[in-house]
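S.K.: Pasting the relevant annotations from Swiss-Prot:
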ACT_SITE  32  active site, nucleophile
ACT_SITE  35  active site, nucleophile
DISULFID  32-35  disulfide bond
DOMAIN    2-105  domain 'Thioredoxin'
MOD_RES   69  S-nitrosocysteine
MOD_RES   73  S-nitrosocysteine
SITE      26  site 'Deprotonates C-terminal active site Cys'
SITE      33  site 'Contributes to redox potential value'
SITE      34  site 'Contributes to redox potential value'
């Protein structure tokens with residue numbers, strides 16, 4: 001299941017709750033074409049990687065999180081372990097998204 005996070009406090013709580021698990025964060029917007037294109041694939045990865053926490057953040061609804069995480073374009077994927085960012089990339093690249101997850105779990 002992909003969790004939607006709407007503010008910075010919830011985002012930080014999710015990172016803390018995940019502990020040592022990998023957290024994959026999708027920063028997107030409803031008006032972003034590439035974001036819409038990759039969203040079903042992002043959701044499908046939940047089934048493939050059961051021990052990974054998946055979070056989606058709408059940058060328009062959660063501007064505080066986008067600013068805190070220094071998101072400049074959409075979609076941006078950030079990867080966290082133990083509350084710290086370990087990887088990041090921008091763009092709707094399905095192969096890169098899956099390969100990055102595989103390399104970090």
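The backbone N, Cα and C atoms fix where each Cβ goes, glycine too.
What you are looking at is a predicted structure, and each value in this text was computed from that prediction instead of being measured.
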S.K.: Would you mind ranking the recorded sites 33, 34 by how many other Cβ atoms sit within 10 Å of each Cβ and giving me the lowest?
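M.R.: With the recorded sites 33, 34, fewest surrounding Cβ atoms within 10 Å: 33.
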S.K.: Closest to residue 32 (active site, nucleophile): which of the recorded positions 26, 69, 73, going by Cα position?
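M.R.: The smallest Cα gap between residue 32 (active site, nucleophile) and any of the recorded positions is with 73.
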S.K.: By CA-CA distance, flag whichever of 34, 35, 69, 73 among the recorded positions is nearest to residue 26 (site 'Deprotonates C-terminal active site Cys').
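M.R.: Closest candidate to residue 26 (site 'Deprotonates C-terminal active site Cys'), judged by Cα separation, is 35.
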S.K.: Cα of residue 73 (S-nitrosocysteine) to Cα of residue 34 (site 'Contributes to redox potential value'): how many Å, rounded?
M.R.: 11
S.K.: Would you count the other CB atoms within 10 A of the CB of residue 26 (site 'Deprotonates C-terminal active site Cys'), including those on all shown protein chains?
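M.R.: Its Cβ has 22 other Cβ atoms within 10 Å.
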S.K.: DSSP-wise, what's the residue breakdown of the domain 'Thioredoxin' (2-105) into helix, strand and coil?
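M.R.: Counting residues per DSSP class in the domain 'Thioredoxin' (2-105), I get 44 helix, 28 strand, 32 coil.
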S.K.: Check the domain 'Thioredoxin' (2-105) for me and report the mean pLDDT.
M.R.: 97
